[in-house]
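So that you can see what the record holds, here are the features copied from TrEMBL:
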type	residues	note
DOMAIN	32-228	domain 'TLC'
TRANSMEM	40-61	transmembrane segment
TRANSMEM	73-89	transmembrane segment
TRANSMEM	109-136	transmembrane segment
TRANSMEM	157-177	transmembrane segment
TRANSMEM	197-221	transmembrane segment
Amino acid sequence: PWGLLVTGASFAAFRGLHWALQLLPTPGSAAQDRWKWRNICVSLVHSLLTGVGALLGLSLYPQMAADPIHGHPLWALVLVAVSVGYFLADGADMLWNQTLGQAWELLCHHLVVASYLSTAILSSHCVGLSMVSLLLELNSACLHLRKLLLLSHQAPSLAFSMASWATLATLALFRLVPLGWMSLWLIRQQHQVPPALVILGRTGLVTVGAMSIILGVRILVSDVLRSRPHPPIPRHKETRGPRRCCDGELVTRDSSTLSLKD
């Protein structure tokens, strides 16, 4: 029961943070989409809290990775419950401020992840596995920072470039590696895991893994490949006007990719 109480308290805290941010001024460059700015700021707080907490927890208590089913300290279960409360609060925020058509993709992600993490709270098992999955939030923190820079019209800039490379690096290190480790562990130890958790685990790993790969490709294309300067095109006097027009269209298309959503 106390795990559910922590989840409820986390839900209330993150909803309160959403409300509190409405009282603070929004940067002028992001004034056109104030709700998205607030939503991403709250997501950034959650990612830093749970991602750093999971990394420190696994470093100080490596038994959770050695025995992801049984061995875990009490604070690890609290961290998982806090994360479940956030996903429920963020889902409620999206339903309140967006249409179902706009939010369905993230809502599906939140539903799968919250269901998976909730099994650890209700059963007090597989908390170590849940802690490994929270390492993905370190990559999410970089993603949220990148989005905030986009909303602030800081792209292209040195800060945005650094955020993009940090996003790609943490995606490989703290998203794809943990997902691969959990997939291999679930295949090898599925006889020790309840069937319901195996189904939820496989569904979640496939869903998040596919979304992660697609996300990485999008960022690589929009932030790295399309942002490279194009070689100069030789011009001739008789075609100078039309080619100048084509160059202008090319620059416009390159700039529009910076607004690509993750």
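Count begins at 1; order follows the chain as displayed.
Cβ coordinates come from backbone N, Cα and C, glycine included.
Whatever TrEMBL says is automated annotation, not expert-curated.
Tallying C-beta pairs under 8 angstroms between the transmembrane segment (197-221) and each of 40-61, 109-136, 157-177 places 109-136 first. With Cβ pairs under 8 Å as the measure, the transmembrane segment (109-136) is packed most heavily against 73-89, out of 40-61, 73-89, 157-177. With a threshold of 8 Å between CB atoms, the same-chain residues lying at least 6 positions outside the transmembrane segment (40-61) that come near it are 14, 17-18, 21, 72-73, 75-76, 79, 82-83, 86, 89-90, 93, 131-132, 134-141, 144-145, 147-148, 151, 174.
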